[in-house]
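Engineer: After the structure tokens below, expect a handful of questions from me.
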Amino acid sequence: MVTIRADEISNIIRERIEQYNREVKIVNTGTVLQVGDGIARIYGLDEVMAGELVEFEEGTIGIALNLESNNVGVVLMGDGLMIQEGSSVKATGKIAQIPVSEAYLGRVINALAKPIDGRGAISSSESRLIESPAPGIISRRSVYEPLQTGLIAIDSMIPIGRGQRELIIGDRQTGKTAVATDTILNQQGQNVICVYVAIGQKASSVAQVVNALQERGAMEYTIVVAETADSPATLQYLAPYTGAALAEYFMYRERHTLIIYDDLSKQAQAYRQMSLLLRRPPGREAYPGDVFYLHSRLLERAAKPSSSLGEGSMTALPIVETQSGDVSAYIPTNVISITDGQIFLSADLFNAGIRPAINVGISVSRVGSAAQIKAMKQVAGKLKLELAQFAELEAFAQFASDLDKATQNQLARGQRLRELLKQSQAAPFTVAEQIMTIYTGTNGYLDSLEIGQVRKFLVELRTYLKTSKTQFQEIISSTKTFTEEAEALLKEAIQEQMERFLLQEQV
């Protein structure tokens, strides 16, 4: 039989008393009054702050958005099917943040930065707040480096610089996503990290974009943040901020980043849904009063920081969908006023076979030629002028029966210039190829060809330049200038190729 010694027992009790640590935990709790439609009304939570995360009994997380006198309105970050009336809720004392790391490159994640591509967990040791303040005036510098999209129409006439916000706007099915994905493809080898945020889209459309990027090796430097049409409104509203937090992580590590929000109309609709369910007063088009702030605080995070913050940048290409070309609706006008210019895609041009369907007349870049290399400035000025004159003449020519020779020549030149702006999807051009194409058109070398021959000739000329006149590409990439030597090489190549092309066509 085991003997119990009194001194041992007293020692154990003494040790326990010494180790005892009296800890008082004050937890701010509340009770669910009502739940439904992704919204919960909570009684209690007296100390909760606006934007604070709250945790429900069964594990769902929500954000406290409405702080009222007798209850708190919480939006749920999940379906909330297991939340019951009367269950308890506790405030976490935190605001929404996500883990960030290099390991996110090449992955598809949701608005909470959790992987949804079935390739396992993502390891990260750091985290960033989803909503963080944009750089102030002093911590920015003006945009001066070009961000090449690979599309002639944009890089020559509506140039985008690193740190700029350029809106892509147009009706549905006009190629807005195609312009954005082509820009991602063109960043290959440019040391630019791309973030593509899909908001409220069909899962099949997102899968299509991911496959296109994977096939061309672009996923290596891209992160896809996706919240599809069946996601809760809260997550669709948060997705762009998650993308911005990831892009900022790289920007403050002196990397250049490009972020695409596809599209902000859907985010505004998700926010409208949340606001109406929270019984916030509706304004124009039933959007809440702070819908401008929703987009401005997101887009202001794109910047070219001053050299004291490193040499990184964050360029934003937000996409907005219009209804039958109406750019004067609420969300389009808001985003136009926030961004540094817009690329307007026209359904009429798209249906007429002009793709990318960019309406050069009303598209604008407020950064302008500061975001172009000298070589592009040298050749692009003439293109802009001639296309503007052509658009005016074309409208006039519809009513005039007999036109003089000079007008006919100008119309013929304009048609050929419009032809050289056409590009296949996922076929971006290098700067040297763009300069060659524009120079050939604006200097009248295409005037002798039929309109149907223009694209074929340009394809062959590009191939010929690549193989036989490699110095041309070298001069442009090393000096960034369209030198006399480069011009002489180009003229020679055009003449040689034109002779060969015309002989082929005669056969």
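Positions of Cβ are set from backbone N, Cα and C atoms, glycine also.
Checked Swiss-Prot, it gives:
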BINDING   Gly170, Asp171, Arg172, Gln173, Thr174, Gly175, Lys176, Thr177  ATP binding site
SITE      Ser363  site 'Required for activity'
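Quick one: how deep are these features, and who are their neighbours?
Structural biologist: Secondary structure at Thr177 (ATP binding site), taken from DSSP and collapsed to helix, strand or coil, is helix.
Other Cβ atoms within 10 Å of the Cβ of Ser363 (site 'Required for activity'), summed over all protein chains shown, number 21.
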Engineer: Would you please pick out, from the binding-site residues Gln173, Thr174, Thr177, the one with the fewest other Cβ atoms within 10 Å of its Cβ?
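Structural biologist: It is Gln173 that, of the binding-site residues Gln173, Thr174, Thr177, has the fewest other Cβ atoms within 10 Å.
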Engineer: For the recorded ATP site formed by Gly170, Asp171, Arg172, Gln173, Thr174, Gly175, Lys176, Thr177, which further same-chain residues have Cβ atoms within 8 Å of the site's Cβ center?
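Structural biologist: Counting only non-site residues, the set is Glu321, Leu345, Ala347, Phe350, Ala357.
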Engineer: Between Thr177 (ATP binding site) and Ser363 (site 'Required for activity'), how far is it from one CA atom to the other, in Å?
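Structural biologist: Rounded to a whole number, the Cα-Cα distance is 17 Å.
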Engineer: What whole-number Å value do you get for the CA-CA distance of Lys176 (ATP binding site) and Ser363 (site 'Required for activity')?
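Structural biologist: Computed Cα spacing between Lys176 (ATP binding site) and Ser363 (site 'Required for activity') is 14 Å.
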